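See structure below.
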Amino acid sequence: MEKGARHRNNTEKNYPGGSESQEADSGGGGVALKKEIGLVSACAIIVGNIIGSGIFVSPKGVLENAGSVGLALIIWIVTGVITAVGALCYAELGVTIPKSGGDYSYVKDIFGGLAGFLRLWIAVLVIYPTNQAVIALTFSNYVLQPLFPTCFPPESGLRLLAPLFGLIIIMFWGVLNFSTRDLGLPGSDMCLSEQPPVRVSTGQYFWLEPKNAFDNFQEPDIGLIALAFLQGSFAYGGWNFLNYVTEELVDPYKNLPRAIFISIPLVTFVYVFANVAYITAMSPQELLASNAVAVTFGEKLLGVMAWIMPISVALSTFGGVNGSLFTSSRLFFAGAREGHLPSVLAMIHVKRCTPIPALLFTCISTLLMLVTSDIYTLINYVGFINYLFYGVTVAGQIVLRWKKPDINRPIKVSLLFPIIYLLFWAFLLVFSLWSEPVVCGIGLAIMVTGVPVYFLGIYWQHKPRCFNKFIELLTLVSQKMCVVVYPKEAEDLKMKDRNQNMEQQQPICQPPASKDKDAVGP
């Protein structure tokens with residue numbers, strides 16, 4: 001597939017002055033990814049990815065499904081604890097299998113090529129496009145809500161503004177981002193500083209009193225509680241994104257767990273007290289009646305300065321897209337390096353080091369997700385699929401402990417952590433599927449479509465020559481149009497492994513008896 005592509009080892013020769021951000025640890029001759037993410041930037045990536053649009057849309061979904069203020073606050077706290085447990089499990093996997101690509105790389109190495117490809121498939125087609133769609137819809141809601149103070153913004157306005165914002169913001173950040181690894185820090189600081197202050201002194205204590213906090217305004221239902229956790233989990237989404245850039249992390253054995261210990265408790269604190277601030281400023285009925293809770297909060301407490309809230313939320317969406325695009329490009333890179341994606345999706349611009357083809361693909365897939373303007377349906381949709389593979393990845397940690405007990409583990413957590421996480425995972429998936437069978441079923445159906453794609457596109461090696469020629473020509477044309485090349489790091493690895501069939505490599509946990517099971521047939 002990559003045979004006809006122009007993989008350049010000397011970019012300076014053809015693009016003078018374009019090597020400013022292209023020097024690599026491996027020699028400095030081509031375009032490559034740098035190992036320059038320190039502890040501060042690592043914390044910024046986690047915090048900046050988590051605190052985006054979620055805290056401005058999820059409070060309504062959590063409260064609506066929880067049925068009471070007290071239970072909603074408990075859900076926010078428990079979700080933060082579970083997120084920290086999952087992050088610690090990922091920290092062990094991140095230093096045991098120190099490869100960029102996050103859970104995709106872990107699932108592939110532990111369970112084999114098909115499982116890894118399905119994780120990549122669902123991330124490329126569902127998770128990242130849906131996240132961008134939710135951010136775009138959040139922006140649209142918060143921009144339009146002040147113009148319609150007594151009702152919801154019109155559906156037509158949301159459908160028009162969200163795609164326009166999606167296109168502009170993705171391409172805007174694509175131009176400015178990826179030439180530095182520190183862009184996440186300003187975004188995260190901005191998100192933290194704009195969180196609503198806990199104005200208990202000017203708010204209402206009524207809904208914080210235990211007898212009122214647990215006063216249910218709807219009948220408790222275990223399925224709805226699971227959906228409440230799913231909504232809250234969406235707001236914490238991004239906690240695993242640092243694992244996507246492990247190869248670029250300075251001293252990952254120390255900085256990866258440190259970043260987790262600093263970032264996750266900080267985010268949990270911010271989220272819980274942001275929800276306390278919402279409840280002290282408005283009643284649960286007012287919160288549920290608003291599609292833009294931060295705008296309502298601002299109108300209650302900020303008076304004539306209420307316009308600050310929609311502007312702050314709009315700026316926050318920029319930070320969310322920044323972190324999402326930063327990590328998604330690394331996933332494209334890892335997938336193409338393993339032969340699971342066309343190499344052009346991992347290529348980066350010769351001067352800006354921007355993954356132009358990946359950005360274009362993300363734009364198109366995000367627009368497809370915007371066929372619906374229901375944010376909470378999208379959140380349930382992406383949350384279910386996300387948690388499905390989170391559980392598979394954490395289960396892989398237990399499998400790896402059993403099959404490879406002597407493998408080097410610079411970080412080793414207690415097995416109690418993955419067991420706790422998997423119990424919560426099973427509860428969440430089972431009852432979410434029971435409550436929203438159609439939404440969750442669509443996600444599962446899309447995942448299953450990856451199976452024939454894997455066998456036809458990857459497992460089947462002896463494709464017709466005309467097909468290979470077409471792919472080579474398409475790759476070459478895409479390179480010329482986007483002015484992109486394959487990173488030197490990937491080129492070196494591909495040259496090293498060119499004579500080895502990537503799909504014939506056995507998973508870490510595969511027993512010797514099935515050594516030839518996955519061998520490629522004629």
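Cβ atoms here come from the backbone N, Cα and C positions, even for glycine.
Taken verbatim from TrEMBL:
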REGION    1-27  region 'Disordered'
TRANSMEM  37-57  transmembrane segment
TRANSMEM  69-90  transmembrane segment
TRANSMEM  110-128  transmembrane segment
TRANSMEM  160-180  transmembrane segment
TRANSMEM  260-281  transmembrane segment
TRANSMEM  301-321  transmembrane segment
TRANSMEM  356-378  transmembrane segment
TRANSMEM  384-402  transmembrane segment
TRANSMEM  414-435  transmembrane segment
TRANSMEM  441-460  transmembrane segment
REGION    496-522  region 'Disordered'
> Do the transmembrane segment (110-128) and the transmembrane segment (414-435) come together with 3 or more C-beta pairs under 8 Å, pairs six or more apart in sequence?
Replying inline: no
>> Under 8 Å between C-beta atoms and at least six residues away from its ends: which parts of the chain pack against the transmembrane segment (441-460)?
In response: 113-114, 117-118, 121-122, 125-126, 339-340, 381-382, 384-385, 388, 433, 503, 520
> When you check the transmembrane segment (301-321) against the transmembrane segment (37-57), do you get at least 3 Cβ pairs under 8 Å, counting only pairs 6 or more apart in sequence?
Replying inline: yes
> Quick one: do the transmembrane segment (69-90) and the transmembrane segment (384-402) have at least 3 Cβ pairs under 8 Å, skipping pairs fewer than 6 apart in sequence?
Replying inline: yes
